[in-house]
Protein chains: 2
Amino acid sequence: MPAPQEFLSFVDTNANAFIKRLAEAVAIPSISGDATHRADVVKMGEWLNTHLKAVGVSTQLVDLGKHTMDGEELNLPPAILGRIGDDKSKKTVLIYGHFDVQPANKSDGWNTDPFTLTIDESTGQLIGRGSSDDKGPVLGWLNVLQYHHQQRKALPVNLRFCFEGMEESGSEGLDDLVERESKPGGWFDGVDCVCISDNYWLNTRTPVLTYGLRGLTYLKVTVHGPGRDLHSGVFGRTVYEPMTDLIAIMSKLVDSQGNILIPGVDEMVCAADEEEREIYESLDYSYKDIESAAGGPVALTTDKVDLLMGRMRYPSLSLHGIEGAFSGVGAKTVIPAKVSGKFSIRLVPPQTPEIVDPLVISYIESEFAKLNTKNTLTIENLHGGKPWVADHTHWNFEAAKRATKAVYGQDPDLTREGGSIPVTLTFAESLKVNVLLLPMGRGDDGAHSTNEKLDRSNFIEGTKLLGTYLYELADIQGKK
Amino acid sequence: MPAPQEFLSFVDTNANAFIKRLAEAVAIPSISGDATHRADVVKMGEWLNTHLKAVGVSTQLVDLGKHTMDGEELNLPPAILGRIGDDKSKKTVLIYGHFDVQPANKSDGWNTDPFTLTIDESTGQLIGRGSSDDKGPVLGWLNVLQYHHQQRKALPVNLRFCFEGMEESGSEGLDDLVERESKPGGWFDGVDCVCISDNYWLNTRTPVLTYGLRGLTYLKVTVHGPGRDLHSGVFGRTVYEPMTDLIAIMSKLVDSQGNILIPGVDEMVCAADEEEREIYESLDYSYKDIESAAGGPVALTTDKVDLLMGRMRYPSLSLHGIEGAFSGVGAKTVIPAKVSGKFSIRLVPPQTPEIVDPLVISYIESEFAKLNTKNTLTIENLHGGKPWVADHTHWNFEAAKRATKAVYGQDPDLTREGGSIPVTLTFAESLKVNVLLLPMGRGDDGAHSTNEKLDRSNFIEGTKLLGTYLYELADIQGKK
Ligand SMILES: [Zn+2]
Ligand SMILES: [Zn+2]
Ligand SMILES: [Zn+2]
Ligand SMILES: [Zn+2]
């Protein structure tokens, strides 16, 4: 069952109204990471709640309690649960999105006011914070719902919604809510599959379905030495210097080519077979895409498959920096007393922080012992999350493939993402159903960067894609 | 010719008045590194000039021009040149000191207001910023002059003075002044030796004469990669990461035991012969002194001679930190686009920045080439200075030894300092005469730290030492 032509026309006809509504949403600076904007996050939740109710969704605001940020105790913005449709003969789809955004200041390098949606008529770009991450996709669902409500058309599936206002700040309180509502009798009881639109195409040309995300383990290695910072003139070559030991340790974690030197970590991941390599081979991508995104000729390889597998299906180890050392401009002759190296490993199945951390810790401890220093070592895990990979042959993905073909006239690329969206795994594990990542925006949207944008065509065709996906879901052979 | 008993009694009798004068000087927050205190540095110079004139010194304030600090153009505080005595039959001694101080805030951890000289009656400590570095020693000379002026006694030597207000901020403008005034007809023409009281005893017990200072070369190694900071989820294992390359380079400079790994640098310094080892063997010192000063059990060795030579007569390499990497608290998953490692090497004869830098640069470049990375490398020298070693058997040192024995009843330890006082070398090279460092304070004075102090006995006996040194100079066989 393809989407009704009437729906597609409705979207085209109402495109300008949809963009106007997106402008309204972007104008609310719902920055979850900034305490002074907490009221705006709440306001944005209320705005969304009002619009959901206006198109026939029954909602419930869920108080997620309090948390501490920058030493201040704050109320968490409520999450919004929504439901529409209870037809036992239809599939039930859970939609997730978030209504908070990353910080943005004109002075960061924005060409326009970040909280005024600016339409660049020449490029078709809708520029503003949250346009692509994640207000555009959330409003895409509103657009789909508006058609059915306004035209009094029944939706082809039952829908459940879960919208949060803390995604950009660790999704505090959400895991508990999802686990609670996934139980029998909970809000998500009876959900057959999940769809999340909160990532991006690999490039600017080809639609994407995403079936994997890397996990993460973030570690802090601290070397403790003298009781206070020392002057290198007075103490140089008389004491064990913590920086020397820390740099020695950090140099043993990863090589310039990206190989992880911790025994057992890279080895834990099986090589890709021919079938899997073909997925990467088929993707519309080139090393020039990564170099253009990175802003420099620094790709590890020109081999497309190796590059894509480096991002999507192999672990990576990045050294982020050092806390406690001299980090300012100029020349300070300090011997820092206590320094902490920060690094993280992106994880892929079967790796988890629980499996990988002990390997890392015992390796670092044994390398540190070889240094024969009188300084001491501590290692902490700052945070982490498991990787996620879904079955991309599932009917949930099949429906999205058909919808993509119908709307864009081309097959979607099947991708895995290098980063993590932790709630994906929570849905997969709590509901034990297939989770699909169905991105609306392009790879160059600049989600967490300056001049974030969503292309007009991605918003409008993306709205058609979301609606069409629901019709294809209803149609496809599968559970229900 | 020992100092007259009358002088020693005068110092004891006037001790409280001398301390009161020191309190006046400490009360002027002459912080040269803080633009908002520049007027206080000038005020301190005027205070000193007034006091010098009051005890019979002819002075001249020298405008050193302007400089830029923190992006602001500022007038440099004037230097003070002084002279008293022109007796051709007497030796002429040049005295150097500085009237500016390091920054200090109560909130840094001071137990008392740093700019109120606080007398701890139980310990005899005079606590306040500048008490030991360098207002105490400068006022020691004032005390000596006051006796001769007030009692109408001729000084045993001719004196020339050079006092500056920028020592804590790179002595801007001073080198030019010293070179200019060292020429025939200049203010320092005819000077036979130099005495600088601006360092410290090795411990808290034994007076010291210092005959060597290490030099310095401070380098910044920058690795340039992507055009902007990247997210490790998206880019991890797809690009050459500048941090990985920089850490690899930094790990190849020095080992945990303090050995410099750059070929040719350690090797450039000859081993100590038995005679030199005996100097270190004779010093009143133990590895416990360094551990107590460092605030932790981190001495490289318990061997006193090796430890002292590590500080005084071998080069050292310290890694200070990284600019451009993540240095805050918490966990940021950034791949920094451009990172600069900062390190410095303390130099000893025959090393100079001109000789050592090319070795360092070519070694780093060859190690970087081995990394086989597409990132690029630049190396800058941020600043540097040559080491200095004086002949400690010179009559200038002999006079100071006799004075020490007379005042303290014990022979001074002969030391070299690990750090640098760049003007020392300028005096030695411009005047081509012997330079003596004759410290007043103790090793635990905390010159650049919180709760800086000068012990009352060091101020009072130190004043006697400075005066006695002049009489021993007059007496001793030597030039003039
Ligand atoms: Zn998002
Ligand atoms: Zn985001
Ligand atoms: Zn000083
Ligand atoms: Zn100083």
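Positions of Cβ are set from backbone N, Cα and C atoms, glycine also.
Any TrEMBL annotation is an automated prediction that lacks curation.
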Record says A:ASP133, A:HIS448 bind Mn(2+) 1. Source is TrEMBL. Which of A:GLU168, A:GLU172, A:GLU179 does it list for that same site?
A:GLU168
Have a look through A:HIS51, A:HIS67, A:HIS98 and flag the one TrEMBL assigns to the Mn(2+) 2 site that A:ASP133, A:ASP198 belong to.
A:HIS98
Just to be sure I read the record right: A:ASP198, A:THR333, A:ARG346, A:SER420, A:HIS448 are listed as binding substrate in TrEMBL. Which of A:HIS149, A:HIS231, A:HIS383 is listed for the same site?
A:HIS231
Here the recorded positions A:ASP100, A:ASP133, A:GLU168, A:THR333, A:HIS448 meeting chain B with a Cβ under 8 Å reduce to A:THR333, A:HIS448
What whole-number value in Å do you get for the largest C-alpha pair distance within A:ASP198, A:HIS231, A:THR333, A:ARG346, A:SER420, A:HIS448, the residues recorded as binding substrate?
50
Cβ atoms other than its own within 10 Å of the Cβ of A:ASP100 (active site), all chains, total 27
Please go through the binding-site residues A:ASP133, A:ASP198, A:THR333, A:SER420 one by one and keep those whose C-beta falls under 6 A from any atom of ligand 1; give the result in sequence order.
A:ASP133, A:ASP198
Sequence gap of 6 or more, Cβ distance under 8 Å: name the residues on the same chain that satisfy this around A:ASP198 (Mn(2+) 2 binding site), in order along the sequence.
A:TYR96, A:GLY97, A:HIS98, A:ASP133, A:ASP134, A:PRO137, A:GLU167, A:ILE421, A:LEU437, A:PRO439
Length of the line joining the Cα atoms of A:SER420 (substrate binding site) and A:GLU168 (Mn(2+) 1 binding site), in Å:
12
Alpha-carbon spacing, A:HIS448 (Mn(2+) 1 binding site) to A:ASP100 (active site), which is rounded to whole Å
12
Compare the C-alpha of A:GLU168 (Mn(2+) 1 binding site) with the C-alpha of each of the recorded positions A:ASP100, A:HIS231, A:THR333, A:ARG346, and give the closest one.
A:ASP100
